[in-house]
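The next block holds one structure in the form of structure tokens; read it before the comments.
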Amino acid sequence: MDSILFGFVQILTYDNVLWCLIGALVGTLIGVLPGLGPLATMAILLPMTFSLPPLGALVMLAGVYYGSQYGGSTTAILVNLPGESSSVVTCIDGHEMTKQGRAGEALFVAATGSFAAGCIATLVIAVAAPAIGQFAQQFASPEYAALLIFGLIAAVVIASGSAIEAFVVVLIGVLLGFVGTDVNSGVDRFTLGQMELLDGLQFVPLALGFFGIPEIISNLETPEHRHVITPKVGSIWPRWPQIRPAITPVLRGTGLGSVLGFLPGGGALLSAFVSYSVEKRIARDPGRFGHGAVEGVAGPEAANNAGAQTSFIPLLTLGIPSNPVMAVMMGAMILHGIQPGPQVISRQPDLFWGLVASMWLGNLMLLVINLPLIGIWVKLLTVPYRLLFPVIVVISCIGIYSVNNSAFDVFTAMIFGALGYTFFKLKLQPAPLLLGFIVGPLLEENLRRALVVSRGDPTVFFDRPISGTLMVGAIVLLLVLLLPSIRRVRDVALKE
Amino acid sequence: MQLKIQSYRRLYAGSLIVVIGLAGVFLASDLRFGTMASMGPGFLPTVCGWLIAALGIVVLAMMFRDDVEIVDPPVARPVIMIFLSVGLFALLIEHAGLGLTVFLTAFVASYAGRARFVETLLLAFGTAVATTVLFVVILGLPLRIWPELS
């Protein structure tokens, strides 16, 4: 408890509150606007945080992530547009409620449900993270290698679409991670003679190449058909009988989200989907779902917010990003000279607890600013895309260029944009690629170190209890992927 | 049993994956492979490349048994104009200054969609002014504003 208070002392300075507010607002903005996700936005903002102190930078980027969850749900409910991918589920019942004139109720439930989930998830992080960090202190290279392998495979199992393709895409990410000077031998690999590649590929051009450019082009390929009719919001202060059925779904969603966010490959999107199917399954009358069931808004909204926050745990305690958004956070930490890992909590408690406290503060701000600002957010939707995307292109270019003041990086982004666009056309999901790219170098380092110590004996990964458990877990997951019957269950579960 | 290509998506995706994997193997071929106990710089890249290529062949094999699936052809205009505008930015930014670069990038990018001339001119001008103020004046990024003369 003292630690949390310590965190609030860190965060309640004029500057940090300001960064938190800016992050939350920018996040809401991009959550409202389709065509720019939190991942690309965080990648663009990354270079601009150079001049900030590390805590301010991380607080702002985190704010973008959970702010986008709020913004995405607002447009999902009001105009049936998921501004952000994890809000797809909210569209189903949320927009139905709007059609029935209950938009105010839906928005209230979504906002307060998210806030409640955010509060609980913050507590979960405060309690669980130090314990996990403590546990991870005893990890050596075999444990880390096993954990990374387990994490990558789990991410593949959870990813939507073809599992084998997701696995290949992870490996392509790992392959791209090899570019640059090999730390052990000093030999340069895959640099094609380019001086600029000696330090490895830059994360920002890669992320914007795979997520920014294809997204813009695909939006332009399908012509604009957005006719926003400003809906009647109704009272945003619903009565108790309308709120009561939402309470248990919020709590269930929070629980689900807290657990799923923690898993590798988890986070907001998965949590929202699972919560919706759980609510539907245990409802006394599943027929109401899809026709404005308040549980269908409350559960997923709470789950996505809780999942968004607990996905910080593996990053802050183990130094392992569980999803691409966390990979961007990790990139930000490294750029600011912080090596994510178990030592962060003990060596930089101000940073850790400050970030945790900022999540609670940010959620409170979102609750307070969001409900009154709904009218403005809806107005923003009437800005046509033809005026938006050139601005997005320009800001992306400036973002890429300003990381190293290097035009080479902008050309790199073009090349990966072409590859990313090909991936998009071939329906290969690019998210696992970023995960592989970030995790690959860590995996190689630990794998090689573990094998040097064991003199090339691969049983080192199985002899030790922790790494052995993780390796067996990874193998079980792989088998699960290969067995067709279980694969069908997974497909059904992910489809719902 | 007759083998007939059902999924063209799998055909293209699988081919792309095999090419990427083999490219990895080829580029790693100059690097020392080493042994398990002391892996050379080429060990994991080579293994990773072969694994990608092998899995790519599995993806290729799936084209026979999948449901019929085709790939939507790319639409030329957005593809060309977006890449052109990004390339323009990369070429100009070092010497032409932020203002002019942004103006031209935004202008060209607009034509990826349904642009109207006067509106686009205003949008590009507005973006140039706004980004210059935001990034150089407020955030203090070390960027040149005006073109390099001579």
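Note that the numbers count up from 1, one per residue, in the order the chain is shown.
The backbone N, Cα and C atoms fix where each Cβ goes, glycine too.
Quantities reported herein were computed from a predicted structural model and do not represent experimental measurements.
These come from TrEMBL:
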type     : residues  : note
TRANSMEM : A:12-33   : transmembrane segment
DOMAIN   : A:18-435  : domain 'DUF112'
TRANSMEM : A:39-66   : transmembrane segment
TRANSMEM : A:106-132 : transmembrane segment
TRANSMEM : A:144-176 : transmembrane segment
TRANSMEM : A:259-278 : transmembrane segment
TRANSMEM : A:351-377 : transmembrane segment
TRANSMEM : A:383-401 : transmembrane segment
TRANSMEM : A:466-486 : transmembrane segment
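Highest Cβ pair count under 8 Å relative to the transmembrane segment (A:466-486), across stretches A:12-33, A:144-176, A:259-278, A:351-377, A:383-401: A:144-176.
Counting residues 6+ beyond its ends, the transmembrane segment (A:144-176) has Cβ neighbours under 8 Å at 201, 206, 263-266, 270, 314, 318, 320, 322-323, 423, 427-440, 442-443, 446-447, 450, 461, 466-468, 470-471, 473-474, 477-478, 480-481, 487, 490, 494 in the same chain. When Cβ-Cβ distances under 8 Å to the transmembrane segment (A:351-377) are tallied for each of A:12-33, A:39-66, A:106-132, A:259-278, A:383-401, the top count falls to A:106-132. Summarising model confidence by region, the domain 'DUF112' (A:18-435) averages a pLDDT of 84. If you look at the transmembrane segment (A:259-278), the same-chain residues 6 or more away from its ends with a CB under 8 A from one of its CBs are 69, 85-90, 92, 121, 128, 150-152, 154-159, 249, 252-253, 296, 299-311, 313-314, 320, 322-323, 325-326, 435, 493-494, 496.
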